[in-house]
Amino acid sequence: MSIISYIAFLLLIDSNLGIPIFVPSGRNISWQPVIQPFDYQCPIHGNLPNTMGLSATKLTIKSPSVFSTDKVSGWICHAAEWKTTCDYRWYGPQYITHSIHPISPTIDECRRIIQRIASGTDEDLGFPPQSCGWASVTTVSNTNYRVVPHSVHLEPYGGHWIDHEFNGGECREKVCEMKGNHSIWITEETVQHECAKHIEEVEGIMYGNVPRGDVMYANNFIIDRHHRVYRFGGSCQMKFCNKDGIKFARGDWVEKTAGTLTTIHDNVPKCVDGTLVSGHRPGLDLIDTVFNLENVVEYTLCEGTKRKINKQEKLTSVDLSYLAPRIGGFGSVFRVRNGTLERGSTTYIRIEVEGPIVDSLNGTDPRTNASRVFWDDWELDGNIYQGFNGVYKGKDGKIHIPLNMIESGIIDDELQHAFQTDIIPHPHYDDDEIREDDIFFDNTGENGNPVDAVVEWVSGWGTSLKFFGMTLVALILIFLLIRCCVACTYLMKRSKRPATESHEMRSLV
């Protein structure tokens with residue numbers, strides 16, 4: 001599974017459970033105009049519940065990862081008597097017959113045969129030789145054991161092995177009877193050992209009210225070090241791999257351990273029969289990678305909004321949403337009023353909304369467990385009412401929440417409407433200190449004059465052809481010069497060679 005598909009999978013789950021947003025909890029905010037330069041520390045991505053005012057308890061949780069399709073190895077051991085019968089009547093010839101009769105195997109003998117196979121000293125007795133006596137019927141037998149590798153499946157909910165050849169289809173022991181009563185299945189593994197291969201132990205912190213053993217546990221949640229959140233709301237108790245534990249609404253299961261989890265476990269209802277548990281998908285490394293990737297993307301989007309503000313470019317509601325904190329607690333809040341960007345300080349609380357367009361921003365205050373409206377301060381700006389961090393009330397009277405691309409929001413026409421957001425220049429701020437015009441960017445495919453582009457292309461080819469021609473002429477001249485040198489050297493050697501007299505000239509003397 002790729003990272004992008006995993007992000008989409010997480011967003012799909014979140015959309016089914018509600019969209020989390022962070023809203024200011026305070027009603028009286030002191031607004032001040034934003035001063036240039038806009039120096040703002042972009043918030044990191046959190047997407048985690050608000051932990052403000054809640055008690056924290058460190059604990060170690062044991063939770064199943066993805067159960068692989070690997071089977072549990074073992075052996076089928078079969079025992080039988082191999083008989084040879086000799087029928088030698090006084091009145092006729094000998095008749096030899098062979099037969100195999102299954103018997104119940106013994107565990108010790110099966111283990112001995114398995115060890116012999118592992119050591120490479122297997123024995124095959126086969127049928128014994130016949131033993132014939134006149135006027136008699138004689139039978140000789142060998143007890144033969146056969147073992148073959150055979151893997152079965154682990155069923156973690158019931159904590160047993162399953163195979164269609166088992167009596168009843170399931171077994172919990174290291175030695176299991178098979179159909180026919182003449183074969184047994186033997187393994188060195190145990191259910192606990194196989195389950196332990198898929199159970200991971202991770203540190204976490206449980207937040208919430210003091211666990212008093214009543215319905216207040218529903219507001220508690222656990223955040224582990226891999227940023228996974230386990231909410232106790234809608235949880236139930238069930239066994240998994242023969243261990244008591246708590247199954248959460250999103251499918252996660254954690255083993256009941258001593259302390260706080262035991263108190264909560266005893267007060268949650270039991271799960272209905274057939275309840276399934278989901279393992280962690282994907283692995284821990286990819287979970288951390290996705291979390292860090294979201295951090296980088298949202299930080300980049302926030303920095304883009306800061307650049308627009310300092311250059312006094314027009315902003316959209318989506319741009320302002322990138323400045324909003326991604327985690328509860330103390331932080332900055334922004335709004336546009338009369339064309340001026342203003343900033344204040346507040347405490348954020350996480351609530352969940354059904355979608356990007358809602359009637360009101362209602363939610364439950366975790367500090368009081370009371371439901372209330374968190375924001376009702378709207379400033380008229382043209383045809384819409386500006387709220388906070390890009391949240392506004394549109395022409396339809398409904399509240400529009402600009403969910404950014406990380407939260408997979410729906411961008412409508414009003415969200416894309418750009419508006420001027422002036423900021424007040426600081427008297428000691430020199431705008432010339434930051435000039436993007438001074439930064440050189442190489443040509444990266446931007447549009448230009450097509451005539452100039454063609455002329456540059458043709459002139460470039462002309463220069464290349466001229467260089468190629470000059471290189472070719474130089475190579476030809478060098479070749480001719482080498483040939484001349486070789487010819488001159490040959491002629492000089494020939495002129496120095498002494499003349500020889502023939503036998504005819506010597507005979508005339």
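Every residue gets a Cβ built from N, Cα and C, even glycine.
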Recorded disulfide partner - C236, candidates C195, C271, source Swiss-Prot: C271
C77, C86, C132 - which one Swiss-Prot pairs with C110 by disulfide: C77
C132: disulphide-linked cysteine among C86, C176, C195 [source: Swiss-Prot]: C86
Which of N28, N338, N362, the listed glycosylation sites, has fewest other Cβ atoms within 10 Å: N28
Spatially closest candidate among C86, C110, C176, C195, C488, the listed recorded positions, to C236 (disulfide bond) (Cα to Cα): C195
Number of Cβ atoms other than its own within 10 Å, given for C241 (disulfide bond): 24
C86 (disulfide bond): secondary structure state under DSSP, collapsed to three categories: strand
Fewest Cβ neighbours within 10 Å, where candidates are the disulfide-bonded residues C42, C302: C42
